[in-house]
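K.L.:
I have a structure I would like to understand better, so I am pasting it below and will then ask my questions one at a time.
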């Protein structure tokens, strides 16, 4: 939307928080970045130390830590100790929610020791990992073996547990689905302290399908077995500029990975990686990647771009150059490609450090980047948090592929946020209805990208300050999110709950399906022990009444029954 087309809004009167946010870069440079670098280095040393340990030692430590969690759960007094949650501080999580449920009465269980890669099974092509293993840690181990998780979320600090209990996506999700779709087994400690292993075809198959998106409210995840795939040393990346309106961009994006003849499972026609970045209502760059060998990448005439070096142009800005120079192809080392958005936090780094993209800063201080999201959250008080909720948007909309154009037009009209990130993912038709699910009958009228067993969706990632805020105008962030959520419910979309949500409980369960989740809450004793997923996601501090009602929930509550997965 151009400035002439933008709706007239009154100017917003500046308050003291505006000036603090404007000059927050001082705190970031002199405090947050040095501490972040130190923490990254210490974490790296801990990871290396763990890798040196034998499988037997790591498994022994894992078993001991599991027993500690079991013992801790058994010490809980339901009448006075509160509902169970992890002992992680509210600011540690990468998500944008305030984790307000930890500001009320609760019973903490420490899962911090669960950060080891337990085994890489090359024969079964499975990685067995603990929940606090992060993406940077796992790729450092697997990529030298020419292996990788089927879905590697871009940011280094994202953990396996968060990607399973919450939400995780990457440019390969148009082939493999969301991160949780690549998990073959969950190891869960239930409310009674029992340790169970849930797979899609054992006695805990209902729990297996209910865990994703449950936010840790069915049990405590202590390990997971995740699919590995073979990879090559480089990613051959093609940058294709697109100029047109938002519907044109949406169609070009769809065409970049979804054959119009419906042959979606043909690897010859479908690239290994896909993403599109939209820089304005009329300009975008579609990127497609295919794994390539070292020999191919180093052939005469091919360009290799080591995007991981600290002084390199931030990736989203590098991709934007395609709009000036036209289509081009280059080869990026695979691990550097996986984490291409880490150093600049997509484009959020530009707001945190307005001059951070300048060559002089990148060359002198780029090695300190990125600031840890947890430290950014730890150094902001209540007023700053509320300011960001009102004046800044970090939201993902999971939208059916054929509705992406509509979603882009809605976002442009209501928020005016650019760049926008597009990343496709399969939403599988499972043997049992889960919290998120494809549209009924999609397989009978398959649209572009759909297959017989999966509907193609897209993550429309909206991360930045809205246009009205950048122009100094009045903007109601909470109301904008409420409108977004209403549009999503009407259009069979889903909102990842790492973000700030304005949904009330009724609308939350209009967006998500409660059947299997509530069935497993009752069956496995989570009610009255673990918080409900809405309780955890609800915005705002919990009142004493809300805490008491959640604690006193009992197992004879009327939950909807669901069909069990077929044997």
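Placed from the backbone N, Cα and C atoms, the Cβ positions cover glycine too.
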K.L.:
For the transmembrane segment entry in Swiss-Prot, name the matching range from 4-24, 25-45.
P.N.:
25-45
K.L.:
The region 'Interaction with calmodulin' (520-541): mean pLDDT?
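P.N.:
Averaged over the region 'Interaction with calmodulin' (520-541), per-residue pLDDT gives 86.
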K.L.:
What are the helix, strand and coil residue counts for the region 'Interaction with calmodulin' (520-541) according to DSSP?
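P.N.:
So the region 'Interaction with calmodulin' (520-541) is made up of 9 helix, 1 strand, 12 coil.
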